[in-house]
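Engineer: Structure in structure tokens, see below.
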Number of protein chains: 2
Amino acid sequence: MTARGNLFIVSAPSGAGKSSLISALLKDKPTDKQVSVSHTTRQPRPGEVNGQHYHFVTVEEFKALIEDNAFFEWAEVFGNYYGTSRKVIEQTLNEGIDVFLDIDWQGAQQVKKLMPEAIGVFILPPSRAELERRLTGRGQDSDEIIAGRMAQAASEISHYAEYDFIIINDDFDAALVDLIAIIRSQRLTGAGQIHAQNDMIKDLLAD
Amino acid sequence: MTARGNLFIVSAPSGAGKSSLISALLKDKPTDKQVSVSHTTRQPRPGEVNGQHYHFVTVEEFKALIEDNAFFEWAEVFGNYYGTSRKVIEQTLNEGIDVFLDIDWQGAQQVKKLMPEAIGVFILPPSRAELERRLTGRGQDSDEIIAGRMAQAASEISHYAEYDFIIINDDFDAALVDLIAIIRSQRLTGAGQIHAQNDMIKDLLAD
């Protein structure tokens, strides 16, 4: 019996290093982990691969999926539809693959409502000073723009307590080990193991 | 602010490799992890160090600790008292140290009742055949004795579902990495981090 994968929601303020952490996690293309691939009706750009960067569908297909309640969430942006398919995620989880959803706190709340077993991970920068340094960029932005980014970051951060795990990204390698430990430990929870190891446990308990 | 340590209850049937795993975990004498040290009224044996192997106390001191509700559990065995001090454990946890309690399912239930935040980890052998092999020892025991050990193991195993995490000790190194991942991840839970990182988070959220 293959253990079902877990769904991880990963959120962070801009500047916390979330994308780098997820990239590092998936760098060696592990067979048991993947980011969720969204559906979209926009045209593929050069180099984009169907099923890898997006699931490219027609507007008719997308609307049929909406009708079918296939999406956790969907939105129309500049005339194109984008959505996160619950069905694709469920399928992937059932194949024993952990799925990572890179979304903000609003998306996280939505997913948690529909799938309470999803595991929320929040990435924080180590300090306000460091966050400001990371958001200042190459010194080309005005104080106003930087203040705006800081305010947006604080707004995202204010939802940290809604997550199951919190990683402080001070040292990148340590933060990556943290993330890996969380993922590995979630394969070992009683509920998961009782399902995955059912036959083995029955064998151990046999008279 | 130092993060409070976590209390881990580690249980397993005999033959699962629990003691070897705990020994390997503490081999390099990490400053942030230790097994719980029991109190006893028996005399120290040659080489035993007070505070390391046991807290050696007089019968009067032990009885005063009972009166003081200091113990999670205590027992009298062959005229000597043995007990697990909740107070010592609380103190150690408050110093930021993870504490490991190597106890059976009955002890685990007792501790969980008094300290629901304790994290239960159950170690399982990979199969009935392998468990039998491990319990057969050097081939010097009768079938009856081995059957008795198997029955006792099955009885302990029947409580696996009461634990938060289940590790299958098939490959020892992998099981050790599992245990380390669980320990590390439990330092990253929302509740723990909100306490440990309180000042930092306040700083991030400041206007």
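Using the three backbone atoms N, Cα and C, a Cβ is placed for every residue, glycine included.
TrEMBL feature annotations, pasted as is:
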DOMAIN    B:5-184  domain 'Guanylate kinase-like'
BINDING   B:ALA12, B:PRO13, B:SER14, B:GLY15, B:ALA16, B:GLY17, B:LYS18, B:SER19  ATP binding site
Engineer: Identify, in sequence order, the binding-site residues in B:SER14, B:GLY15, B:ALA16, B:SER19 that approach chain A with a C-beta to C-beta distance under 8 Å; the answer is 'none' if none do.
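Structural biologist: Cβ contacts with chain A under 8 Å: none.
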Engineer: Looking at the binding-site residues B:PRO13, B:GLY15, B:GLY17, which sits with the largest number of other Cβ atoms within 10 Å of its Cβ?
Structural biologist: B:PRO13
Engineer: Using DSSP and collapsing to three states, where does B:GLY17 (ATP binding site) fall: helix, strand or coil?
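Structural biologist: For B:GLY17 (ATP binding site) - judged by DSSP and reduced to three states - the answer is coil.
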Engineer: Can you tell me the three-state DSSP label for B:ALA12 (ATP binding site)?
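Structural biologist: DSSP call for B:ALA12 (ATP binding site): coil, neither helix nor strand.
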Engineer: For the ATP site given as B:ALA12, B:PRO13, B:SER14, B:GLY15, B:ALA16, B:GLY17, B:LYS18, B:SER19, which other residues of the same chain have their Cβ within 8 Å of the site's Cβ centre?
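Structural biologist: These residues sit around the ATP site: B:ILE123, B:PRO125, B:ASN169.
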Engineer: Mind telling me which of the binding-site residues B:SER14, B:SER19 has the densest Cβ neighbourhood, counting other Cβ atoms within 10 Å?
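Structural biologist: Per the Cβ count, the most surrounded site is B:SER14.
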Engineer: Taking 10 A as the limit, how many CB atoms besides its own sit near the CB of B:ALA16 (ATP binding site)?
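Structural biologist: B:ALA16 (ATP binding site): 26 neighbouring Cβ atoms within 10 Å.
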Engineer: Taking every protein chain shown into account, which of the binding-site residues B:ALA12, B:LYS18 has the largest tally of Cβ atoms within 10 Å of its Cβ?
Structural biologist: B:ALA12
